[in-house]
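The feature domain 'Guanylate kinase-like' is assigned by TrEMBL to 15-194. Per TrEMBL, the feature ATP binding site maps to SER22, PRO23, SER24, GLY25, ALA26, GLY27, LYS28, THR29.
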Amino acid sequence: MVHESHDDDTLHRRGLMLILSSPSGAGKTTIARKLLSEDSEIAASVSVTTRPMREGEVEGVDYFFVDQAEFDRMVEANEFYEWAVVFGNCYGTPKAHIRDRLKAGGDVLFDIDWQGTQQLYQKAQADVVRVFILPPSLEELRRRLTGRGTDSAEVIAARMDRAQAEISHWDGYDYVVINDDVEGCFDKVREILAAERMKRTRQTGLIDFVRGLTRG
Ligand SMILES: Nc1ncnc2c1ncn2[C@@H]1O[C@H](COP(=O)(O)OP(=O)(O)OP(=O)(O)O)[C@@H](O)[C@H]1O
Ligand SMILES: Nc1nc2c(ncn2[C@@H]2O[C@H](COP(=O)(O)O)[C@@H](O)[C@H]2O)c(=O)[nH]1
């Protein structure tokens, strides 16, 4: 539940920004969807992209799909927290809704690459939790990209070519989880989220609560 007010409960906390990144095909979208369906306290940041829509994707759920002119307009109008070019397409995190949700104590989940992670971290360090998902091997990564059946052989080759460069950014993350099996990986991400939610610095009303306990 997202808390709308701080009047009725001393132990509310600020929302956090959970970033999931990985080389393409390692499984972050799979983990993200599972988390969103099982945890009502976290909502997705829906990115804007110039990439063509894949079969099965839904406008406003997976992405907001726009043309290059509209993306450029949004950049000019400062409507993104961060944006980057990934695999030749533009992707950006729109500001709309995110700030309000965090203020109300709701968490936000970001499926973005390492460039976006660095930009968000520079803007909101204390609120950001960075998780990097690795495939168990490069062979398995190729199998997943092929098995997904959404990309041409050319696109898959480009994603495989870029995988090692992306993996080289692993040390820019707070946590690294190997996605060997979906359930095991999901459990680890959920445990990270549970612990991060309990951090002393996120519990905005804790200082008053402790004062109450120690008074007199
Ligand atoms: N642990 C796993 N074992 C086997 N297959 C998996 C596992 N995790 C995900 N997959 C499958 O691998 C494929 C790629 O997963 P997914 O689309 O979640 O990757 P992604 O990291 O979000 O990729 P992209 O960055 O391109 O969006 C999907 O078909 C998914 O079902
Ligand atoms: N910096 C950003 N990266 C983003 C954003 N939205 C998605 N992404 C990353 O792009 C690649 C490719 O995604 P795909 O859906 O086309 O396969 C992947 O690494 C995403 O994490 C964003 O807003 N900013």
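Glycine is treated like the rest: Cβ placed from N, Cα and C.
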Neighbourhood of ligand 1 - binding-site residues from PRO23, GLY27, THR29 with Cβ under 6 Å: GLY27, THR29
Shell list (ATP; ref centroid = CB of SER22, PRO23, SER24, GLY25, ALA26, GLY27, LYS28, THR29; cutoff 8 A): ILE133, PRO135, LEU141, ARG144, ASN179
Distance-selected binding-site residues near ligand 2 (C-beta under 6 Å), from PRO23, SER24, GLY25, ALA26, THR29: SER24
Nonlocal neighbours by CB distance (under 8 Å) for THR29 (ATP binding site), same chain, sequence gap 6 or more: ASP111
Local Cβ density at ALA26 (ATP binding site) - other Cβ atoms counted within 10 Å: 27
Residues satisfying Cβ distance under 8 Å from SER24 (ATP binding site), sequence separation of at least 6: PHE87, LEU145, ARG159, ARG162, ALA163, GLU166
Local Cβ density at GLY25 (ATP binding site) - other Cβ atoms counted within 10 Å: 23
Cβ-Cβ distance under 8 Å to GLY27 (ATP binding site), same chain, at least six residues away: ILE133, PRO135, ARG144, ASN179, VAL182, CYS185
Intrachain C-beta neighbours of LYS28 (ATP binding site), sequence separation six or more, cut-off 8 angstroms: LEU20, SER21, SER22, ASP111, ILE133
Arithmetic mean of per-residue pLDDT over the domain 'Guanylate kinase-like' (15-194): 94
